[in-house]
Amino acid sequence: MNPYILTILLFSLGLGTTMTLTSSHWFFAWMGLEINTLAILPLMAQQHHPRAVEATMKYFLTQATGAATLLFASITNAWLTGQWDILQMSHPLPTTLVILALSLKIGLAPLHTWLPEVLQGLDLITGLILSTWQKLAPFALFLQIQPTNPTILITLGVISTLVGGWGGLNQTQLRKILAYSSTAHLGWMILILQFSPSLALLTLIMYLIMTSSTFLVFKLNKSTSINMLATSWAKAPALTTLTPLILLSLGGLPPLTGFMPKWLILQELTKQELAPLATLTALTALLSLYFYLRLTYAMTLTMSPNNVTGTAPWRLSSLQLTLPLALLTTATISLLPLTPAMMVLFMS
């Protein structure tokens, strides 16, 4: 892609997200989401491959549906209450519609079915943008609206953690696994959103760090399926040693960074006298942990098949910048001891 066009698209991507983050009016928030969607479409379709074009069309249709529903909900809210302000959502009908529209845009279950298919058709860097940056603007709107009926957020959260765990069990494609992982993590965030918005924000930041490092590892290894992971020892032995820690951190095992948000969320749910919900959510985390362990096993404890398609590749030097990967991997593995500092920073 022409560097000037790429610069304009990335600038528009940043502009759309910034506009939504800073707006207090529903119309400007909607406009930011639309700019965001339109800016990423050429990035998704740049491969000129049928799968990429198909993924782009699916993404466009789902995002257009979500944006139309959001605009309809905000107009309905203005009609019923006379308010365009995001913080003044008081009527249950438009509030519910907005929650469902934003759920569709970020891929919360049961409105998640587009996400694995779209992510599977993209290259890893565009998939990284879709799984991280594209979640920021809708999540900022989630943080601002006060649901009149808290049951809907809890229901969406529980279904997302269950579907995110179950859906990834039988997958062999890494991008689909990461899509279901995204749905499960978003379920944890939505679950705690109404009780502790600051904790939901902390969980989002930890998710962004862990997911970014996972995508960059797969990009460095040029891996898109579980079988291709088995050859990664020949490309980057040191990174192959660290990658299981990154995957287990995504699964939420102590003493890794991913344990911090899960621990704090379960603690907060217990404080809110929702111990059965906390128990159910902790059990759904085991489903996700299984497929992370499966990836770890494939990467470290299996040898690649010695046939023509599975021949170990040459260890050619990679052109990818490794500094971002090094910083993100360090953060993914070793931030748990900073939990007290994070609590002071986010909870105060």
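Keep in mind that glycine also has a Cβ here, set from the backbone N, Cα and C atoms.
TrEMBL does not curate its annotations; it predicts them automatically.
Given the ranges 31-50, 151-170, the record in TrEMBL names 151-170 as transmembrane segment. Feature annotation (TrEMBL): of 123-144, 233-254, the stretch labelled transmembrane segment is 233-254. The transmembrane segment (274-293) and the transmembrane segment (177-195) are in contact, since at least 3 Cβ pairs between them lie under 8 Å (pairs 6 or more apart in sequence). Here the transmembrane segment (151-170) has long-range neighbours at 96, 99, 103, 108-110, 112, 116, 176-177, 180-194, 277, 280-281, 284-288, 290-291, meaning same-chain residues at least 6 beyond its ends whose C-beta is under 8 angstroms from one of its own. Across the domain 'NADH dehydrogenase subunit 2 C-terminal' (289-343), the prediction's mean pLDDT works out to 79.
Between the transmembrane segment (233-254) and the listed ranges 57-80, 92-112, 177-195, 201-221, 325-347, the one holding the most Cβ pairs under 8 Å is 201-221.
Outside the transmembrane segment (57-80) by six or more residues, the chain places 26-27, 30, 33-34, 37, 40-41, 44, 89, 91, 93-95, 97-98, 100-102, 104-105, 114, 117-118, 121, 130 with a CB less than 8 A from a CB of the stretch. Within its own chain, the transmembrane segment (177-195) has Cβ neighbours under 8 Å at 103, 106-109, 112, 115-116, 118-120, 127, 131, 135, 139, 142-143, 147, 150, 153-154, 156-165, 167-168, 171, 203-204, 207, 211, 214-215, 250, 261-262, 265, 268-269, 272, 277, 281, 284-285, 287-288, 291-292, 295, counting only residues six or more beyond its boundaries.
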